[in-house]
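Q: What follows is a single structure, and I will ask about it in a moment.
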Amino acid sequence: MLTFLWKFIVFYVFYTSGFLSNYVTFEDEANIPAIAKYFNTKGRYEEVNPYLREDILAVNRSILQPPLDECQQIHLTAIIRHGTRYPTTKNIKEMQQLYNMILHNASGEQSWLHELQTQWRMWYTEDMDGRLVQKGVDELKHLAVRLSKLFPSLISEEKLRGGFIKFITSSKHRCVNSTLSFKAGLTELWHIKDMEFDHAVNDALMRFFDKCTRFLEEVDNNPSAVTEVEKFKQGPEMRRVQQKIADILNVPYSAITDDMAEAAFYLCAYEFAIKTVNSPWCRLYDEVDAQVMEYANDLKHFWKRSYGYDINSKSSCILFHDVFSRLEKAAKENMSGQQVAEAVTVQVGHAETLLPLLTLLGFFNDSEPLTSTNFAAQTRRSFRTSHMLPYAANLILVLYDCGGGDLRLQPLLNEKPVTFPGLADQASMPLYQDVLQHYRDLLQGCDFETECQLFKQPAEV
């Protein structure tokens, strides 16, 4: 009780004094669905970093841990997924179909089902189609402020005003608006009203998957590429979830398709992510059900965007080379005593932007691939999009100069240090040259145009 009163007093002081009134939150745990940590790419950033539920601007600079006190940050690249969005038109149509069935056919006795039938209204409309919501605006503003606290020498008012921070975005409205929100987080933090800051739209970098012919033909538009996903949807685990939902609603088993089961799961996720509501939709699933739904979605991402096919990751070659060319330019400028011209690059894209790049870099690669038959064996898998790719997910690469030509590169995922696969012996801040050596084959090869040709030319003898 005293803890609650203390939190309330702190919040009240902040709120009434005007300091950070939009930024400090204390969230009631009862409002969080028990299944919230299984929402895949529809999950909140706060489920990945729970400490943000109490203070949305909390940072811990000690996690950076440079090997020497004299290490100075000289460049930062942040590749960021857009913030929380509305469902897409396709999802909304499936949700409407499910809602109509529940309104007219379901006859269970549960109070929450009665609430769905009499009080809840289908408020999602097709014209919403994936647009950024207010929560998404706030997420990018908050992320900008937190990164400025984590990296104050790089993300600073001086650097922003001086043109040393560059912004690049996908053309999708949710990404453009996320970019505008990130910039607003900084300009509001520093009360900048006399300048505006440009951003570049670059789909070749941030939507490379739309430009890769081989990926589109062999994977994205190829039903046979997701055979494992379809098998799982027809398998015993998904069938049990569908039948359980049908039993709860008192409808025939045939009435609940795998698309309807997914639509109900998404309704729980969207209601929570957008409105912070523990919706009656969430009562259709217990934790075991949610793990099945999570695995079905992880399977789809594994086969369509990640380790399932080589071209999935190779489609991100263009972004990979862009990132490393920025690092190399910053390293050379720094070593020659020049000021680094591009101290910070903020690039806003999609889950489909981040996942192929993470895959190309070798992150979250389990010893066994995800298949339709190894759900039980994969309970401890590292490949969990719920952990990797919530809304506002971000991969950050920070280049340090530790003196005497000692350059270090630190990767962070969702503001937490991670270790480059294959460089575990150097912890989270390996020598930059060792990183270049580790990825030398990709740096020398991995040509986007060559990889993405539908029919490769035979090698000359």
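Going from the start of the chain as shown, residues are counted 1 onward.
Glycine residues also receive a Cβ, built from the backbone N, Cα and C atoms like all the rest.
Please treat TrEMBL annotations as automatic predictions, because they have not gone through curation.
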Q: Of the residues Cys268, Cys317, which one does TrEMBL pair with Cys282 through a disulfide?
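A: Checking TrEMBL, the candidate bonded to Cys282 through a disulfide is Cys268.
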Q: Which residue in the list Cys71, Cys175 does TrEMBL annotate as forming a disulfide bond with Cys402?
A: Cys71
Q: Taking the Cα atoms as reference points, how far is Cys71 (disulfide bond) from Cys282 (disulfide bond) in Å?
A: 48
